[in-house]
Ligand code: URA
């Protein structure tokens, strides 16, 4: 099992603090989510293979590196995961995007799938699943179950805040999936919200509630 990668870069810590602040409005919240996502994308793609190609600079012919290997697909879990997508695509603009829609049943707290649309060549791509909050892990685990049914192999999960409960559940069910998070919080409360967390990420991104 790979350990979660907790990204404690000062810029991420600073932006996560602003995200947590209940006085941060939707516009700023959305921008911050994308900025943190972009910084996390930088780290989550660190192991991308590169190959050497020959190019000509204005000065001479030289060898230089470009990304090689499998192409990438981002899979935002609807709806809050969408908030991270633009930040990710800024760094990997050629990535394809699949969408998986899950909501938490308010009674059972279990995820219910209502939408799934993936690129045709999804099983040939490296996958980065996006959801800002890893709470119980239910949605993330279900989304990754689904991706594995489609034959997906190299899967990473990027969230902004994780609860220990979610990390444990993910490690139990999908030990092959590397998790990246911007902060590891204390616990879940009785309503399965992350404490201290930042509240409902989807509501704060879209100004609903
Ligand atoms: N989803 C959220 O948006 N926030 C939480 O704290 C937990 C799940």
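Indices start at 1 and increase along the chain as displayed.
Cβ atoms are placed via backbone N, Cα and C, with glycine included.
Just so you know, TrEMBL annotations are computer predictions that nobody has curated.
Residues annotated as domain 'Phosphoribosyltransferase' in TrEMBL: 7-208.
The feature 5-phospho-alpha-D-ribose 1-diphosphate binding site is assigned by TrEMBL to 79, 104, 131, 132, 133, 134, 135, 136, 137, 138, 139, 200. Same-chain residues at least 6 positions away in sequence with a Cβ under 8 Å from that of residue 139 (5-phospho-alpha-D-ribose 1-diphosphate binding site) are, in sequence order, 77, 102, 104, 111, 131.
Under the DSSP three-state reduction, residue 194 (uracil binding site) is assigned to strand. As annotated by TrEMBL, uracil binding site applies to 194, 199, 200, 201.
If you draw a 10 Å sphere around the CB of residue 201 (uracil binding site), it holds 25 other CB atoms from the protein chains shown. Those residues of the chain, other than 194, 199, 200, 201, with a C-beta within 8 angstroms of the mean position of the uracil site C-beta atoms are 132, 133, 193, 197, 198, 202, 203, 204.
Recorded residues residue 201 (uracil binding site) and residue 79 (5-phospho-alpha-D-ribose 1-diphosphate binding site) have their alpha carbons 9 Å apart, per Cα-Cα distance.
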